[in-house]
Amino acid sequence: MTGPPLVEADDSVVLELKNKLVDPKTNLPEKYRVLFSLRSVKGAAAHDALEQALKDESALFRHDVAFCLGQRQDARAVQVLTNILHNTSEHPMVRHEAGEALGAIGTEDCLTPLREHLNDAVLEVAETCQLALQRIEWLRDHPDAGNEESPYYSVDPTPALPSSTPTEELRSMLLDEEKRMFDRYSALFALRNKGGKDAVAALGAVFAARSALLKHEVAYVMGQMQDAKAVEFLTNVLKDSAEHAMVRHEAAEALGAIADSVTIGLLREFARDPEPIVAHSCEVALDVLDFEQSGQLEYADKGGAGANGAEAPARRPICPCRG
């Protein structure tokens, strides 16, 4: 459960990136490139720029800013994330991400706001806060826990069960509606770490489950896995207009991460979806693909001077998607 290490950058570069974020002429994909540069930069200037980005008009973008604040695990973000979680007029997906980010940061100051929303009126927010609180408690009881089995740089909402756990056992736990969400998530991340067709099939079966939160996390990890066998599952989710927007948006970004001729056509089609979160996700996913096809290794705007020092070593390509 380890995020990518942060790097140094000149304050002038950070200021340039911040100015792009608040410039009304900056389109959404350009904002995402800036966001995923600032996520990786140390210091107060980058943090302040990210806080400014939480005022953006796009709920999709605000939720990914909250995700980045959690992945940085910087305690300076606790107050602003707490404010978002408390704000019932904020989009539920942004509040959910704020709760998850508080769980990723995991300091004592995160406990009270999470406890206050364990029974939030929005189910996805309540389930997120339950998971986040259980993650903090688990890490407190397992101070020496590592994440050696994961080939991904991400701070996950729960630890993964050992990859040596039989796939059928993990599948059974994942699909058991009577299990704690924490345990189902732990099985989910173990399946992600195992990989392969049986793991993908087990994950795909979750799309018949009740919880939108669990389904959106499955779509996210399918994007991390970048396994073409997930395309059929993700396509069905994206096409289902009755599915929760947070699940469809995550499916769109996962299809962008997998990237073949079929998924590109789908993303172009659903970039006109009437649900803005879905349409914007497709738009950003297509922009990521354009970057990859141009030969650029990292989806980010480094500013005029770029960051000082070496870039963070990625175990796998980091897909700028989260839900």
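Residue numbering: from 1, along the chain as shown.
Just so you know, glycine gets a Cβ as well, placed from its N, Cα and C.
Listed in TrEMBL:
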- HIS63, HIS96, GLU97: Fe cation 1 binding site (BINDING)
- 147-166: region 'Disordered' (REGION)
- HIS216, GLU217, HIS249, GLU250: Fe cation 2 binding site (BINDING)
- 230-270: repeat 'HEAT' (REPEAT)
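With the fewest other C-beta atoms within 10 Å around its C-beta, HIS216 stands out among the binding-site residues HIS63, HIS216. A distance of 12 Å separates the Cα atom of HIS96 (Fe cation 1 binding site) from that of GLU217 (Fe cation 2 binding site).
A sphere of 10 angstroms centred on the C-beta of GLU217 (Fe cation 2 binding site) encloses 29 other C-beta atoms. Note on the repeat 'HEAT' (230-270): its mean pLDDT in the predicted model is 94. Fewest Cβ neighbours within 10 Å among the binding-site residues HIS96, HIS249: that distinction goes to HIS96. Geometry remark: GLU217 (Fe cation 2 binding site) versus GLU97 (Fe cation 1 binding site), CA distance 12 Å. The CA atom of HIS249 (Fe cation 2 binding site) is located 14 Å away from the CA atom of GLU97 (Fe cation 1 binding site).
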